[in-house]
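Take a look at the structure below.
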Amino acid sequence: MSSDDLDYEKLGLRVGLEIHQQLNTSHKLFCNCRTVLEDEYKMTLERYLRPSISELGEVDIAALFEWKKGRKYIYRISTNSSCNVEADEEPPHPINDEALKIAIAIAMALKSTIVDEIYVMRKIVIDGSNTSGFQRTAIVALGGILEDEGVTIQTIAVEEDAARKISEDPEQVTYSLDRLGIPLIEISTGPDIKSPEQAERVALKIGQLLRMTGKVKRGIGTIRQDLNVSIRGGTKIEIKGVQKLELIPLIVKYEAMRQLNLLKIKEELNRRGLTKEQIISNYIVKDLTEIFKNTKSKIVKNGIEKGSLVYGIKIYKFKGIFGWELVPKRRFGTEVADYVRALAGLGGLFHSDELPNYGITEEEVNKVREALNVSEYDAFVLIVGEKEKLEKAIETIKDRVLMALDGVPKETRGALDDGTTKFLRPQPGAARMYPETDIPPRIVDEKLLEEARKLVPESPEIKIKKYMSLGLSEELAKEIIRDPRLDLFEDLVNKYSPKVPPSIIASTITNTLKYVKSKGGDISRISDDDIEQIIKNLYDGKISKDSITEILLEYTLNKDLSIIDVISKYEILSNDEIEKIIDEVIKTNMDEITKRREKAFNIIMSKVMGKVKGKADGRIVAELIKSKLKNLLE
Amino acid sequence: MLEGYRGKAYEILSKLNIEVGDLIEVRKGDMVIKGILLPSYSKDEKIIVIKLDNGYNVGLSIENLSEIKLLAKASKKIITSEEISPKKGKSEVKIISTGGTIVSKVEYETGAVRPALTTEEIIQFLPEINEIANIEAEILFSILSENMKPEYWVKIAEAVKRAFDEGNNGVIIAHGTDTMSYTAAALAFSLQSLQGPVVLVGSQRSSDRPSSDSAINLLSSVILAKYAPFGEVVVNMHAESSDTYTLAHRGVKVRKMHSSRRDAFQSINDKPLAKIFWKERKIIINRDDYIKRKEETKLDSKFDERVFLLYYYPGLKSEILEFIISNFKIRGMIIAGTGLGHTSSEYVEIFRKATKDGIFVGMTTQCLFGRVNMNVYTTGRQLLDAGVTPLEDMLPEVALVKLMWVLAHEDDLEKIKQIMTTNLVGEINMRHSLDLFPRWSHE
């Protein structure tokens, strides 16, 4: 499969987004803890979760999946950012009105229909990320539209953020409780997005709208996008945890490509006339440890030394399928290996399309073929591990192989940094929500609506016009609108303009930071407070606007200095001090001056500016030099 | 059925022949909303509650809806469940349900949580039980723990006696947590000779949620009921907030000390009898002075409710006390006094009169921790002189339950005094070591 551009219209690409944004409320959604992440903890809790049985005797498939792992969950009790509510030791308090107001304001901006009474639901999640075993979530509004993209909104909900994962291994997962309960707004769009680029654009626009309320959190992990992607004949696949906006187009493209190739595999298997019954009745499993007793393959050898067994499995008429590349660097075999890792706890598998390799020799491969009676049309798989895990893996591989005949299995996948995705778990069924009976329903009354109206963000067009009237160029206005620090900009303009022109504040936040980054500065070090310090010093006349870039560069390149330290190095020089420098430069350059007379100004100016390094306003320096030269030459 | 609906919403829905469970479609502004009508649990009678197909519930005011349509009547679901059957064989552990939801099922469609109490349902909820013991479940009644009464204690005690007579190794009583320690005390005085453990168990997080403590509490109770060497009434609940182990507290020395935590139950002025590690299926006996299993279970369950528990506070009007004594014909009173066992000296004469009239007046401390000692201060000595009986380290509630039991058996005040101050089943601990007081965090 080439990675040439796909014809998305022909493929019938449909993408929906789910955007989760943390709200910057004074306290959490269901308790009075602050909404600040914190690494400090003094205690931990150990817990287990088990799915509850429903009336129909059915246990949710995703819930059961986690339960079968039998994992222990360890929670770090964050000292200041968690209480008995996060520890699941106290019933939730009534829902935070501040969060509701923000969500309603967003709903108003998106022309959604606000419900008349809000019901908090429990959504079963038993991967440990919620101490209760469910996430509390409530729909605030239905419908709506992102007008300029023609993309519909399905629901707007508020929900509690999950606990923050610290570490994970097959036996246990460690979480911090600091993040649990921070209010999130969840905006789900309809599957109306038709191209990878549009997906990014829609995410950007919704993110922008959210930031324009001035009530959302900023920084890594505060906004998360989930994608729902399908193509015609494929399946709606949930892709979780996309944190970088720029990655969205690639993820969508790869997912379309993956589904297309899975459909092609299905076609190919049909062409071969393969049926599920044939695969099952020819599914031969054998203990082949004996063949690998003296293997040179390190992975296999290490396994056997630790008491692992090597099993071979014949997959009837599957030649070439395991090696089929779905997206760059991921083959059908990788998909099956993901299942084995997630569901059976094995490290992975070897398949016949990639062997001999990894130290497994031709001779060993031939012995395996013989033992399993593998013909030239068949494939085989080798798995290494403890007996119990192998038993699970045998079933898992069979299940996944059979799914290939149906095309694209329904999955929840996780986004990886290179734009590809991997299997996380089967998609949860719909039947995993029930009311949170500890929280009374909240009537959406006129008072709540009234207060929400005050938070409705202005449209970007109106904002751009407003900023241009403050003296920003159109380009800069558009840039600041797109910037995550938009609310900081507004805050600083309120506090420090007109003495500090808004255009300087805007370009500091946008262009200057970009420049500093291009020069190798670590801009993650720059906090809002740092930027405010600089603007404040500019306002107080202590520094010159010309020194902003230098200050930020030095601050981001030299991690030992505080912003205050750096700023003090750039404090404006008094006129006396500047004159002293000028006198010195003139003294050492008398030859040039006598030779070039007035034309020596440029040389003197550049030398003086080099010495004051942004600690003086260029205009003042120029005037002082001019008058001194004039005096000297008269 | 239009459960929970009233007023205008009821009127409109019933006119349209819409019932709970039906699929309906409504229009609010431009928005068409489809879903299943749920029972109303709103305070506002204009609200109708709809479950959307994504599982969420929303409330919509009937006044804001321009259209309401019935799409389909509710379909009766066929209940199919994977049957996990109880182990065959003679029952070894009897589980008696009195209420509360130690085991429950969620009906996701309506959100209803229904207690699951039959033997089959309990096994389905907790299949691991099959690996430990043959069980048999009995639903005695289904009442909230706050509605418990002494007459129910008698019924529970009788059911325990029956269960042992049937040959069970131990008995589990599923009970709401609020008044669990009262029931535990009542059973302890009623069943002073037991063939095995009587384990009261409940949950602080309801069993419909994945984080519930009920599964671990119940599982460890089965282990305890079958294997523990004692013939005592115990409360078995989480020992810590973590899901590590549970504690079997002596039923007459335990108290619910937190409104919501899993480890709310703690022994006061006493150490728990045993630790139970549910994962390892192991019991660690904490002390050797437990009451051993007896040959026979003897039942003597009678309670006289003509008693009163007085929580003393500064400013308590003596008229209130006189009113209670004269109007309700009480036969005994327990005082939760201050400190070492005091009330204001103003009451000395009231108590003197009461005891002269044959009313038992016993003193405990509202400090809960520690023992009363009425010889230290003048007021204490005056109260003693007035006939008030110091009750050592007995918890006020335990003393009250014991008094009900004693009064049902004795008329003579001196006899009553003597039994009240005699340790019957471990309710009085004459030796307090320094470690019997919790360490609070000072950070």
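Placed from the backbone N, Cα and C atoms, the Cβ positions cover glycine too.
Per TrEMBL, domain 'GatD N-terminal' is recorded for B:18-71.
Computed over the domain 'L-asparaginase N-terminal' (B:93-287), the whole-number mean pLDDT of the model equals 92. Feature annotation from TrEMBL assigns domain 'L-asparaginase N-terminal' to B:93-287.
Summarising the annotation, TrEMBL assigns active site to B:T101 (among others).
Listed in sequence order, the residues of the same chain lying 6 or more apart from B:T177 (active site) and placing their CB within less than 8 Å of its CB are B:G100, B:S145, B:G202, B:S203, B:Q204, B:M237, B:K256, B:A264, B:F265. Marked as active site by TrEMBL: B:T177 (among others).
Contacts of B:D178 (active site) defined by a Cβ separation under 8 A and a same-chain sequence distance of 6+ are given as B:L144, B:S145, B:E146, B:K256, in order along the sequence. As annotated by TrEMBL, active site applies to B:D178 (among others).
TrEMBL lists B:K256 (among others) with the feature active site. Mapped onto three states, the DSSP output places B:K256 (active site) in strand.
Look at TrEMBL and you will find B:306-420 tagged as domain 'Asparaginase/glutaminase C-terminal'.
Taken residue by residue, the domain 'GatD N-terminal' (B:18-71) breaks down under DSSP into 3 helix, 29 strand, 22 coil. Residue environment of B:K256 (active site) contains 20 other Cβ atoms, counted within 10 Å of its Cβ in all protein chains.
Sorting the domain 'Asparaginase/glutaminase C-terminal' (B:306-420) by DSSP state (H, G, I as helix; E, B as strand; all else coil) yields 50 helix, 21 strand, 44 coil.
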